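> Annotations per TrEMBL:
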{"type": "TRANSMEM", "residues": "A:12-38", "note": "transmembrane segment"}
{"type": "TRANSMEM", "residues": "A:59-79", "note": "transmembrane segment"}
{"type": "TRANSMEM", "residues": "A:99-130", "note": "transmembrane segment"}
{"type": "TRANSMEM", "residues": "A:142-164", "note": "transmembrane segment"}
{"type": "TRANSMEM", "residues": "A:190-210", "note": "transmembrane segment"}
{"type": "TRANSMEM", "residues": "A:231-253", "note": "transmembrane segment"}
{"type": "TRANSMEM", "residues": "A:273-291", "note": "transmembrane segment"}
{"type": "TRANSMEM", "residues": "A:298-319", "note": "transmembrane segment"}
Amino acid sequence: MIALTFRNPATLPILASIMLTLLCLISLGVGAGGTSLADLWHASGDTEILAISRLPRTLAAVLAGAGLAIAGLIMQAIARNRFVEPATAGTAQSAELGILLVTILWPAAALGWKALAASLAAVTGTALFLMTAHRLPATQPYLVPLFGLVYGGVIGAAATFIAWQTDLLQYLSVWSNGDFSGVLRGRYELLWLGAILVAVAWLIADRLTIMALGRETSIGLGIDYARMLQIGLVIIAVISAVTVVVIGIIPFVGLVVPNLVSRLMGDNMRATLPATALSGAILVLGCDILGRLIRFPYEIPVGTVMGVVGAILFLFLLFRRHTDA
Amino acid sequence: MIRIEQVSLQYGAAEILKNVSLTIPKGGVTALIGPNGAGKSSLLSLISRLQSLQAGSITIDDLPVDTTPSREMAKKIAILRQDNQVGSRLTVKELVGFGRFPHNRGHVTQADADMVGEALKLFDLTDLAGRFLETLSGGQRQRALVAMAFCQDTDYLLLDEPLNNLDMYFSRELMRLLRWIADERGKTIVTVLHDINYGGGFSDRIIAMKHGQVVADGPPRELVTTETLRLIYGFDIPVTLIDGQPVALPFTK
């Protein structure tokens, strides 16, 4: 693993940028519409399909992937635990519950309002999780993710129960399993909010890194810990909520990407944040392309593909853990 | 000057500190000793604003610790805490560099880099500079954390059991460094120690606490006596003078 260590902070982002560019080109060329990249190049194909469907879909995957990876990174820093992520520790489930409730109470609500309701629910759900996580004994690091799984499961179950009672189970499945096939121009732009929040995270990267060293070190270095906790919470919750509203839950991205990048580059977010965002985008876009190709011309939702790919990556991380210096 | 006036602290029914008043003038090394649970760490936490005051007041150079902005305090006072379980994948150099954060807010200047280089050299960490903290031994990590506090370059430096995990060589090295920082850099150092002989050898003043109160206070030669130690620890400890320095010998059966 030592040979794989990217101590030059520029190496990984450059490699990742090249790979992401390639994937974007592939993504623009793949689809049931039968228009290939070569056709698009010669302008003989249907360029409309590019502007309306494939470009938005590609951008959506990049934005969602980058956002989810950063949300995971921040959540792990704040919870001081490498095994939590918004998709399993109750953030995404709370967002889901929020959309469900607003759909029941105000069925005609526009996407923006649904996103707002989802964000508020996600902030509340995540705050409760973090408050509890900070109370769990630091000597038992596996308690935090375990609690997160149970907590997320309970909120998810509550959402399922309400959806079942109100005949909205089919709606719920749209949010609980991420899928890019519904992305069209005009229906994904909320995801740019995630990009703005990633930029905010970049601005406060030093403070987030110090926060991962704990409350006392943070205060000792003059950081307003409570305020930073609130900012981090909002970033995690809004990125997750917007993704759930537009795409649905995509598991594992927030878990495996920050861990992989940390293995290669360490924990200084000023250095790792770009690589984490790029890697998240690569993983999600790659899984979406895979989902489009496996049963071409039919599609497998990205949430399902990620469930398999993410689990394999996570197992890889676990088994490499002890051989790592 | 650190001025502590009538400070009390309670957790439920447990009284941790009872009406403690102390002044620690600028400069020199002050050792804080006393049995486990005497309230030493709590007092340090209150001085360094890690814990909020319940009763009484604490000022550092006339700045009240509870109302002065934390950012300002971070340029006045640095603290090293007892628990240092940092499972972080920051390098030693990155960690020590964060000591400069109160001054540079993330914009690293050449002066910051020089200071980090000096700290790494002083604390014998140059060879470990590129290592991740999680790969270090307890003693190496402890030195990295002290180096970070040193880099904060504050007038006041508080250390809670800095000799934890350090072997004899590095314990002595650290105490010598603290002495040097106080003498040559004019810093004020307050450190919790458990081995009273390090206090006797390297400090100007020893403050002894027991049951949340100050029970003895004075220069080592006055304080390190069998009578005073019995008062503090509750058993007889022979004390001999070696080259004019009192040495406690609690090693007999």
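Even glycines carry a Cβ here, placed using N, Cα and C.
Keep in mind that TrEMBL annotations are predicted by a computer and have not been checked by a curator.
Keep in mind that what you see is a predicted model, and the values were worked out from it rather than measured.
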> Counting only residues 6+ away from its ends, which parts of the chain sit with a Cβ under 8 Å from the transmembrane segment (A:190-210)?
59-60, 63-64, 66-67, 70, 73-74, 77-78, 111-112, 115, 217-218, 221, 223, 228, 231-232, 235, 238-239, 242-243, 245-247, 267-270, 273-274, 277
> For the transmembrane segment (A:231-253), which partner among A:59-79, A:142-164, A:298-319 gives the most CB pairs under 8 Å?
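Selected stretch: A:59-79, with the most Cβ pairs under 8 Å.
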> Thinking of Cβ pairs under 8 Å, which stretch from A:99-130, A:142-164, A:273-291 has the most of them with the transmembrane segment (A:59-79)?
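Out of the listed stretches, A:273-291 contacts the transmembrane segment (A:59-79) most.
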